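**Student:** Take a look at this one; I'll ask things after.
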Amino acid sequence: MKVFKIPEATIMRLSIYSRYLRQLIEEGVETVSSGEIAAGVGVSSAQVRKDLAYFGEFGTRGVGYKVEDLYGCLLKILGLDRRWNIIIIGAGKLGSAFALYQGFLDRGFTISAIMDVDEKIIGSELDGVKIEPLELLQQRVTEKNITVGVITVPAPAAQDVTDLLVASGVKAILNFSPRVLKVPNDVILRNVDLSVNLELLSFYLALNNR
């Protein structure tokens, strides 16, 4: 997996900052301070300045940041100034919910292909995208210039699906299965295990009651 010098937590906060700036643009706000951004997203102003400093100098001391300019810079940093084509493997409840979420398009992500092995649902559509058999994976990745794969299959099938995605040329994978996956060094892998997030909540709840 690729290792980045910039902390992952910083990248996640940049995404939150960009969403907040988008909200300010919609409200007609033209300038904003680091303190106002901090108050809006729930971090310290020092943290905002530190996160932005990884990527250069923004804004004017004593004036703040031009909202639209900073928003545009953050989109570019996050790679959201271009379109990314996605393939979803697994069109069950989780895969279907992912495919139907409208927020991805606004952030630069297009669901370009959906695949499954269940003949009962192959041929049906999710938000205008036809569910196709897994055998077409390589063809669709090439045709549609797909760079991101989303895995929402049962754990036993997850590694096999990962191997197929890697072999087809997909360079980034979002894994919703609980399986620990292996990928080559040039493939970016992110795991999203919902149970882990619930366990994190349970830890803090228990900690507060000790």
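Note: Cβ is positioned from N, Cα and C throughout, glycine not excepted.
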**Student:** Checking feature assignment: DNA-binding region per Swiss-Prot, candidates 16-55, 56-95. Which range matches?
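**Tutor:** Among 16-55, 56-95, the range Swiss-Prot annotates as DNA-binding region is 16-55.
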**Student:** Translate the DSSP assignment of GLY90 (NAD(+) binding site) into the three-state scheme.
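**Tutor:** Looking at the DSSP assignment, GLY90 (NAD(+) binding site) belongs to neither helix nor strand, so coil.
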**Student:** By the count of other Cβ atoms within 10 Å, pick out the sparsest of the binding-site residues GLY90, GLY92, GLY95.
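**Tutor:** Among the binding-site residues GLY90, GLY92, GLY95, the lowest count of other Cβ atoms within 10 Å belongs to GLY92.
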**Student:** If you count CB neighbours within 10 Å, which one among the binding-site residues ALA91, LEU94 has the smallest count?
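**Tutor:** Least crowded of the binding-site residues ALA91, LEU94, by Cβ count within 10 Å, is LEU94.
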